[in-house]
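Trainee: Pulled these features from Swiss-Prot for this protein:
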- Cys285-Cys294: disulfide bond (DISULFID)
- Cys293-Cys356: disulfide bond (DISULFID)
- Cys322-Cys387: disulfide bond (DISULFID)
- Cys326-Cys389: disulfide bond (DISULFID)
- Asn82: N-linked glycosylation site (CARBOHYD)
- Asn136: N-linked glycosylation site (CARBOHYD)
- Asn176: N-linked glycosylation site (CARBOHYD)
- 30-74: region 'Straightjacket domain' (REGION)
- 75-271: region 'Arm domain' (REGION)
- 226-252: region 'Bowtie tail' (REGION)
- 1-29: signal peptide (SIGNAL)
Amino acid sequence: MPPSGLRLLPLLLPLPWLLVLTPGRPAAGLSTCKTIDMELVKRKRIEAIRGQILSKLRLASPPSQGEVPPGPLPEAVLALYNSTRDRVAGESADPEPEPEADYYAKEVTRVLMVDRNNAIYEKTKDISHSIYMFFNTSDIREAVPEPPLLSRAELRLQRLKSSVEQHVELYQKYSNNSWRYLGNRLLTPTDTPEWLSFDVTGVVRQWLNQGDGIQGFRFSAHCSCDSKDNKLHVEINGISPKRRGDLGTIHDMNRPFLLLMATPLERAQHLHSSRHRRALDTNYCFSSTEKNCCVRQLYIDFRKDLGWKWIHEPKGYHANFCLGPCPYIWSLDTQYSKVLALYNQHNPGASASPCCVPQALEPLPIVYYVGRKPKVEQLSNMIVRSCKCS
């Protein structure tokens, strides 16, 4: 028995001595990440997604299915969903980190251009070098009550098939019949109709700040000093001569429109808190014997995995998750024992070693019903595309 007041110091030495005796080797044994079997990982990911979707839609529980109309979705709603899905598919798989305001779901709205029979188009009918598209800002304001709520606005035009290559330009209508240049594009020959998309977020935000009225865009042939042919050879659905019967309906439905994504006013009041977002998105710290931190595939079927019938499109999606070890190096040049002790003191539930976490995430467009009204919304950060050690 040691005398009273004395301690056996050797008991405190093994960890530092191990670090000194094994310089340059991974300290995998020091990780506080727990080994979790794959099925448990998947179950936790599914439950996290259940909470994410309800939270992003500001729903305390899944909507009732009792009043949902039977049959397929209305054509206009399906067209809006398809437009949103196509836009997401066309974006980069490695987006910039989204600001906190992008946590909540965005309501997606389609605002059609003013009908071609409106008198505002009278002065533009005989112009061959341009086509004109006008929008009523009161329609836009219905979807976006306040300019800061607007997340993104796109002008979408359906170009009909063409055998001609042409350089085109887009302009924004200013006061006193002046036009502001926005951008250009080279259109190559195509055998099928194709959608053209232009980012006009800043323009629409400007319109919302100016008040109600009629605003518009001009889509023109590039004017070259070397060419005498300034005629626009591009046909746009909804602007070229109207078809009859069913073709006329499709023609009208596909006329140019603004695709608006905005945070609903009631959700904007909850943007001050970011803790809830982090708790849902990065609550788990994984480590296993698998090689490398990387994306693991996980498909979620809304009916089978979540027991939900209220999401009409899509039926499911590849949510994916991150898994794999993240070793780091301990050596004589990197004495982290004091820092590690301090870190553990202030973060008792956190991992002492790097963990495999999502790096790039993509949004998920959905169609669901509120009562008997179908809604199209875009849920941010729902699909894991790449992972990193952090």
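Cβ coordinates are placed from backbone N, Cα and C, and glycine is handled just like the others.
Any idea what these are sitting next to in the structure?
Mentor: Listed in sequence order, Cys322, Leu323, Gly324, Cys356, Cys387 are the same-chain residues at least 6 apart in sequence whose CB falls under 8 Å from the CB of Cys294 (disulfide bond).
For the recorded site, Cys356 (disulfide bond), the DSSP three-state label reads strand.
In this view, Cys322 (disulfide bond) is surrounded by 25 other Cβ atoms within 10 Å of its Cβ, with every protein chain counted.
Its Cβ taken as reference, Cys326 (disulfide bond) is surrounded by 24 other Cβ atoms within 10 Å in the chains shown. Mapped onto three states, the DSSP output places Cys326 (disulfide bond) in coil.
Take the CB of Asn82 (N-linked glycosylation site) and look out to 10 A: across all protein chains shown you find 14 other CB atoms.
With a 10 A radius on its CB, Asn136 (N-linked glycosylation site) counts 18 other CB atoms from all the protein chains.
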Trainee: Within 10 angstroms of the C-beta of Cys356 (disulfide bond), what count of other C-beta atoms is obtained when all protein chains are considered?
Mentor: 27
Trainee: When DSSP is mapped onto helix/strand/coil, what comes out for Asn82 (N-linked glycosylation site)?
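Mentor: DSSP call for Asn82 (N-linked glycosylation site): helix.
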Trainee: Across the region 'Bowtie tail' (226-252), what does the mean pLDDT come to, as a whole number?
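Mentor: Within the region 'Bowtie tail' (226-252), the model's average pLDDT equals 65.
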Trainee: Out of the recorded positions Asn82, Cys293, Cys326, Cys389, give me the one sitting nearest to Asn136 (N-linked glycosylation site) by CA distance.
Mentor: Asn82
Trainee: Tell me, if you would, which residue among Cys293, Cys389 (disulfide-bonded residues) has the fewest other CB atoms within 10 Å in the structure shown?
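Mentor: Cys389, out of the disulfide-bonded residues Cys293, Cys389, has the fewest neighbouring Cβ atoms within 10 Å.
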Trainee: Hey, does DSSP put Cys294 (disulfide bond) in a helix, a strand, or just coil?
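Mentor: It is in a strand.
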Trainee: When you measure from the Cβ of Cys387 (disulfide bond), how many other Cβ atoms are you left with inside 10 Å?
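Mentor: Excluding its own Cβ, Cys387 (disulfide bond) sees 24 Cβ atoms within 10 Å.
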